[in-house]
Structures are given as structure tokens and as C-alpha cells.
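Asks: Okay, here's the structure, questions in a sec.
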Amino acid sequence: MTSAIRTSTGAEHARILGVGGYRPSRIVPNAEIVERIDSSDEWIRTRSGIVSRRWATPEETVAAMSVAAGGKALAAAGIQADQLGCVLVSTVSHLAQTPAIATSVATELGAGGVAAFDISAACAGFCYGLELAQSMVRTGSATYVLVVGVERLSDLTDPDDRSTAFLFGDGAGAVVVGPAEEPGIGPVVWGSDGSQADVIRQKQTWEQALASGEFPHLTMEGNQVFRWASYAMAKVAQEALDRAGVRPEDLDAFIPHQANNRITDAMAKALKLPDHVVIARDIAEQGNTSAASIPLAMERMLATAEVKSGDTALVIGFGAGLVYAAQVITVP
Ligand SMILES: CC(C)(COP(=O)(O)OP(=O)(O)OC[C@H]1O[C@@H](n2cnc3c(N)ncnc32)[C@H](O)[C@@H]1OP(=O)(O)O)[C@@H](O)C(=O)NCCC(=O)NCCS
């Protein structure tokens, strides 16, 4: 006998209700890095836009940074932790295979008992999380969802590797996604390209690392990443605009993953963004923080009044996998 299964429905629309960030206390200027990689402050600034980055202290764990950023996002949204229906944590630098860090983060925030899991989508992790969160809100799986992007990339970076030692930083950014009267998160354009899985990766699996005694640091084919990000990602960003029915001139802000200022410049040029569109440059003082970079940049732009609540922004994340995701959003 077949019986009809009831389905749930949620809010008609979803939006980001609040954003919060956590920036580790230790500021690491280029001068501290250059000697080991035979580089210079000028080279790093010109090639990447980075002036300094933050590296976490032992106490600034993935969990601690997530809880700090998550708490700020909840406060900004005016939502209590016990109103959350799900906690998502995007990270590639929580160095325990299991369990997911999201369950501890949910419990520490006071949302214990809710659905909680980690997402492994590297620098696209925040945008992947945003899409999952808005789907949950709109299908009724959760009323409010906390999306955290967090990294301690300093743990995975080889200080002697010229192409990555200057690039990566640590930190956490979080948003609360919930119901809205108007659409606040546009259709996602996302995808992956496993044929380029080798271009940003750990040098070895954990098993190989145990056998060799060498730590499996990150390694990157910088040129290949640069070409892919600069050209293919502008097309993805344009498609996200088209699918949302938003023109470049309708945008107030462009908040791409803070990979590298030259990649940001190439995308802005390809998209023909008008001068009034404010472009996120959080990388200068934060480095590339992978899943954390977009919410951290958004938080800074709100704090400095470069953007205001209700503005329209284009977000795009891209990185190891290779993976990517882009959406048009309303700034919380
Ligand atoms: C990493 C990156 C900055 C390197 O720049 P690049 O121009 O590709 O560097 P190349 O490896 O081609 O080397 C160019 C020159 O710079 C030198 N160089 C490379 N790394 C250097 C460093 N850290 N400091 C000083 N010089 C360096 C090379 O020796 C080479 O010198 P030469 O021309 O005299 O032979 C660039 O590839 C990049 O931005 N890639 C994208 C990285 C990124 O955003 N990743 C995150 C994605 S999520």
C-alpha cells in the first residue's frame, strides 16, 4: 500500500540577518615572513595585496574562533542560540577527521541538540553553506541557521614554501540566515572541477604523512590557480548576476573570496563593475582565510560604513577542489 508522505514548507524567502567575525590577536607583518622565503614586503604587496595577516595562538582554536564569530552574528541578527535549527561550519583546517567541530560549536553557543555538521568546500565553503542554509529556511528544515566559515591555515602552511607562506591567514566569520519578506539570497551558481584536484592540496594524505614523518602541508600551483580564478570565475559571477536579475550597475558591493587582490581586480574588470561598486579588500590585513574570508570582509565593510544594511552585494567563493559558488545577496 502506498501512502502519501507529507512534506514541510518554510519561509517564502530567506536572507542574511546578521554577520560577525573573529580576528586572531597576533598580527604577522610581511617582514616576519620574507626571510625564510627569500621574498620582500614589496613583492608580496604587489603580487597579492597582503600587508599583514593574523595567525591564531594555541588558545584561538577552530572551535573558539567559531564560537566567538557565531556569538557576534547571533547578536547582530537579534536571534538567541536556542532559536537556531542548524549549525554549519565550513572549514578545511579543523585537524580532527571526526567528529565534526559544528556539534561542539552549537553546544558551546547554547544551541545544543540542533542539527550540526561541517562542510569541506575550501574557499567556496561559505557560499556553499549559504546555499544550504537558505534552502533549509525555505523548505522548513530550520527557521534560523548559523553558517560559520573558519580556518587556522597557519597550521597547514609550510613557512618555507614561497607560493603559500605569505598567502594564508586565520580567522572566523559567521552569519545567521533566516526568513525574510523579500528575496535576500539569489540563486546559487556553483560547481566543481575534479580534473584540477591537484592544484591546491595537501602534499600527502594523513596516512602517507604518518609513514613518512613529514607534515602534509598545503601545496599550490599558483599560476594555474591564478588563471582559473581570474577568467573562469568572472563568468560564474556574471551568471549569478544574470540568474538574480541584477545588473553590475545595480550592485552596491562586490565581496569576492579574499584570495588575492590581483584576482579580485581581474574579476572586477571582466564584470565591468562601475566605480560606485565598493570592492572588498580585507585581504590587506587578514591574508587569505579561505572559508572565513567573505563574512570577515562583509563584517569589516559594515563596520567601516563602506556598505550598509539593505545594500545589494555579489559574493563568490572559489578554491581547492576545485570548487566555486556565487550568489547575489542583501547585506544584513
Ligand atoms: C602565488 C602567486 C602570487 C605567485 O606569483 P607568480 O607570478 O605566479 O609567480 P611565479 O611562480 O610565476 O614566479 C614569478 C617570479 O616571482 C618569483 N617568486 C615566486 N614566489 C616568490 C616570493 N614568494 N617572493 C619573491 N619572489 C617570488 C619567482 O622566482 C619568479 O621569478 P623569476 O621571474 O625571476 O623567475 C600567484 O601565482 C598567485 O597569485 N596565484 C593565485 C594564488 C591564490 O590566490 N590562491 C588562493 C586561491 S583560493
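Every residue, even glycine, has its Cβ placed from backbone N, Cα and C.
Since the structure is predicted, the reported quantities are computational estimates derived from the model, not experimental observations.
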Asks: If you look at how TrEMBL annotates this chain, which of 178-182, 193-197, 258-262 comes out as region 'ACP-binding'?
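Replies: Of 178-182, 193-197, 258-262, TrEMBL gives region 'ACP-binding' for 258-262.
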Asks: Residues sitting near the region 'ACP-binding' (258-262): Cβ under 8 Å, six or more positions beyond its termini, same chain?
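Replies: Distal contacts: 47-50, 123, 167, 225-226, 229-230, 280-284, 286-289, 293-294, 296-297, 318-319.
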Asks: Using DSSP and collapsing to three states, where does ASN288 (active site) fall: helix, strand or coil?
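Replies: DSSP call for ASN288 (active site): strand.
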Asks: Would you list the DSSP helix, strand and coil counts for the residues of the domain 'Beta-ketoacyl-[acyl-carrier-protein] synthase III N-terminal' (117-194)?
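Replies: Counts, helix then strand then coil: 22 helix, 29 strand, 27 coil.
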Asks: Give me the CA-CA distance between ASN288 (active site) and HIS257 (active site), in Å, as a whole number.
Replies: 8
Asks: What are the helix, strand and coil residue counts for the region 'ACP-binding' (258-262) according to DSSP?
Replies: 2 helix, 0 strand, 3 coil
Asks: List, in sequence order, the same-chain residues at least six positions removed whose CB sits under 8 Å from that of CYS123 (active site)?
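Replies: CYS123 (active site) has long-range Cβ partners HIS257, ALA259, ASN288, SER290, ALA291, SER293, GLY317, PHE318, GLY319, ALA320, VAL323.
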Asks: How many neighbouring Cβ atoms, not counting its own, are there within 10 Å of the Cβ of HIS257 (active site)?
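Replies: Cβ-Cβ neighbours of HIS257 (active site) within 10 Å number 34.
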